[in-house]
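Asks: Take a look at this one; I'll ask things after.
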Amino acid sequence: MDSAVDGPRQSSARAGSRLCTCCGERKAALKRPKTLEQICRECFYIVFEDEIHQTIVENNLFKPGDRVAIGASGGKDSTVLAYVLSELNRRRKYCLDLFLLSVDEGITGYRDDSLETVKRNEIQYGLPLKIISYKDLYGWTMDDIVKAIGLKNNCTFCGVFRRQALDRGAALLKVDKIVTGHNADDIAETVLLNILRGDIARLSRCTFITTGEDGPIPRCKPFKYTYEKEILDYFSTECIYSPNAYRGFAREFIKDLERMRPRAILDIIKSGENFRISTTTRMPEQGTCERCGYISSQKLCKACVLLDGLNRGLPKLGVGRTKGVAGGDSDCEQQAKRPERSRSSLQGKHGNIDF
């Protein structure tokens, strides 16, 4: 891991010659954004890993014997998560069976490169790797989807398909939990996005360290309180289809807040944790999709609606409301009324994966 911090930390070390506040012996190499402490590289590793361990223990994220899939994208967050979790599993004797689980969205020049990093992680950390692709699951790659839908709403497709793909891959691995590299910055951004969208249902649970306990496989976030700045930059490249994603605006706002007040990120997470919904507020009832069996609050899950639109040549189906020909129904509503017709075409072309 030494080479991973050389570049980002050298400039910080040159900024001053103060001694590490932890050991008092070596020169400080960086200033922690959460505490503003100036510490050396060696102490940073110890503190960083110890904080992740405390988060895992205090929140009872795992139990001995659990089979755990690490959502591995090849980016810095998931790469560091794979390393730290494998090290803690060995040193702290968690007794977990760890796996790397990657989703190949089919984005030329982005995912194919990052998957090479995941394959290296498989060898470096000695963890079995499972790769599951949009092409195999849905019959479409993201490159194909962007050609059909354009750049405006492509992130909607990718987010929905990716979440379901992770669950399907985890089911194939027969794991008990999925861990993801979502960090404190990500969670603070999600809190803001759900406020801006008025999404009360998601706002009430987006700060949970473990989610999906009512679904097929729970997910947890060991990096919930870890700042993005402290996650070592092993490998980082931006999705070529995401520069104008709505989340990007929230991300920039979070960065501006952090520059003015470093603790702003944790404060936003804390406010989300303290959010309470009125007992009179009606929340969506969770059920299962009539077509694929995936968890859904509607008759058809979002993935099936989006996929049906793509296969019928109506790529905007499920993204927004459109005027129908009969009584003003949207395409989504009309499609929901005709499940049998669509089901046969989907199964015939792409097969059927049940939960």
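Here the Cβ of each residue, glycine as well, is placed from N, Cα and C on the backbone.
According to TrEMBL:
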- G71, A72, S73, D77, V103, G181, D186: ATP binding site (BINDING)
- 334-343: compositional bias 'Basic and acidic residues' (COMPBIAS)
- 68-238: domain 'tRNA(Ile)-lysidine/2-thiocytidine synthase N-terminal' (DOMAIN)
- 287-317: domain 'Cytoplasmic tRNA 2-thiolation protein 1 C-terminal' (DOMAIN)
- 323-355: region 'Disordered' (REGION)
Asks: Taking G71, A72, S73, D77, V103, G181, D186 as the record's ATP-binding set, what's the max Cα pairwise distance in Å, rounded to a whole number?
Replies: 19
Asks: Counting other Cβ atoms within 10 Å of each Cβ, which of the binding-site residues A72, V103 scores lowest?
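Replies: Sparsest of the binding-site residues A72, V103 by Cβ contacts within 10 Å: V103.
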Asks: Mean pLDDT, the domain 'tRNA(Ile)-lysidine/2-thiocytidine synthase N-terminal' (68-238)?
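Replies: So the average pLDDT across the domain 'tRNA(Ile)-lysidine/2-thiocytidine synthase N-terminal' (68-238) works out to 90.
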Asks: Which number gives the other C-beta atoms within 10 angstroms of the C-beta of D77 (ATP binding site), all protein chains shown included?
Replies: 23
Asks: Work out, from DSSP, the number of helix, strand and coil residues along the domain 'Cytoplasmic tRNA 2-thiolation protein 1 C-terminal' (287-317).
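Replies: Helix/strand/coil tally for the domain 'Cytoplasmic tRNA 2-thiolation protein 1 C-terminal' (287-317): 10 helix, 4 strand, 17 coil.
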